[in-house]
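Lifted from Swiss-Prot, the feature list:
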type: BINDING; residues: 151, 203, 232, 294, 316; note: ATP binding site
type: BINDING; residues: 203; note: divalent metal cation 1 binding site
type: BINDING; residues: 291; note: divalent metal cation 2 binding site
type: REGION; residues: 1-120; note: region 'NTD'
type: REGION; residues: 318-419; note: region 'OB domain'
type: SITE; residues: 153; note: site 'Important for the catalytic efficiency'
type: SITE; residues: 211; note: site 'Important for the catalytic efficiency'
type: SITE; residues: 402; note: site 'Important for the catalytic efficiency'
type: SITE; residues: 403; note: site 'Important for the catalytic efficiency'
């Protein structure tokens, strides 16, 4: 859960990123909000388990630090959180979880107030998809049905209004789009009728145009004013726990405020009762020339993609691609259960390399293979072989297959027999 929040831990204290501004005298000022957990007058390490289970005799404390360059640090009084909220309910929070939610709310509120001077100008990274071609059963276990939307193969974009009334349109990686005046002009008109604090999350797209062309237009300072902005979600920085179905209702209300827009559109929602209905819609969308479908858990909160976090409340459905690539090396995973498990390294014709996860090997087999496969055995039996790889898409920047999984070798090879 810690990776849901921006910032880092140091000496058992979690600090959100500093919000910077400038004093009247031109000096740099920094405001930081922090959370710590105290048990028997001792600050203890913050763990992910604390977000689901309370720690006996522990309380959470929120405090802020403010300092001006060449000045002293001022520390606020502690705000103590001694119990969670909504106890006994499905959305109950622990002491620590509630403290982080309160701190994040204050952080976002302060960031918005200082956005003119803040380094990222109030940018919040958009929510990212965790599941690919899998719809979790939990999506259908709630009282309401999940919704399905068309998946466009465009460029992710988030829009918000700045303190001076200007429109900020930025990418998944928090890079500002400098052009797109046709879209910004309509957004400015729309924000005259809606809550100025709302963020609009969507995709820059023009139907049947290739992604490379769309990306080129999106990143140009002077574009051809052909791209459209398809909005599929909205959120408020201080209400990220708002469920998806409520956000969709509010998004519909937003678009009712001004219905004469040309370049901004609300994405259509389809309610489904089971996975088969979702798959039928995916097939329909593909026939229409779209990339596939997005499935949303209507009870899910908006979870920003801080530290590349991917939300378990979103699923993407699209056709798998496959191709043969030359195997040139092997390595292991870097963290968690993938550490010590073999990964294949393939090479593109342009000599760029990418890592591929074996699809049909168990973790036990992958551990054994990495331990016992020597460079000499690899060179003798596997180097230069063609490996069939399934992947979601090619990276528009590098051409490397994304979410690559090795199906098998073109010629029959049992890699476990090699060792």
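Count begins at 1; order follows the chain as displayed.
Backbone N, Cα and C define each Cβ position, glycine as well.
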Inset, instruction - Among 203, 232, 294, 403, these being the recorded positions, pick the one whose CA is nearest to that of residue 211 (site 'Important for the catalytic efficiency'). - result: 203
Legend entry - Three-state secondary structure, which DSSP defines for the residue listed as 'divalent metal cation 2 binding site': coil
Inset, instruction - Write out how many residues of the region 'OB domain' (318-419) are helix, how many strand and how many coil, based on DSSP. - result: 24 helix, 41 strand, 37 coil
Legend entry - Least surrounded among the recorded sites, given as 153, 403, when other CB atoms within 10 Å are counted: 403
Legend entry - Intrachain C-beta neighbours of residue 203 (ATP binding site), sequence separation six or more, cut-off 8 angstroms: 152, 154, 155, 156, 157, 229, 230, 232
Legend entry - Binding residues 151, 203, 232, 294, 316 (ATP) - maximum C-alpha distance in whole Å: 15
Inset, instruction - Give the residue from the recorded positions 211, 294, 402 that has the most other Cβ atoms within 10 Å of its Cβ, counting over every protein chain displayed. - result: 294
Inset, instruction - Can you tell me which recorded positions out of 291, 402, 403 are within 10 A of residue 151 (ATP binding site) by Cα, answering none if there aren't any? - result: 291
Inset, instruction - Run through the region 'NTD' (1-120) and tell me, per DSSP, how many residues are helix, strand and coil. - result: 26 helix, 41 strand, 53 coil
Inset, instruction - Starting from the Cα of residue 291 (divalent metal cation 2 binding site), work out which of the recorded sites (153, 402, 403) are within 10 Å. - result: 153
Inset, instruction - Please average pLDDT over the region 'OB domain' (318-419) for the predicted structure. - result: 92
Legend entry - Secondary structure at residue 211 (site 'Important for the catalytic efficiency'), reduced by DSSP to three states: helix
Inset, instruction - Looking only at C-alpha atoms, tell me how far residue 403 (site 'Important for the catalytic efficiency') is from residue 316 (ATP binding site), rounded to the nearest Å. - result: 12
Legend entry - Residues satisfying Cβ distance under 8 Å from residue 316 (ATP binding site), sequence separation of at least 6: 129, 131, 132, 133, 151, 292, 293, 294, 295
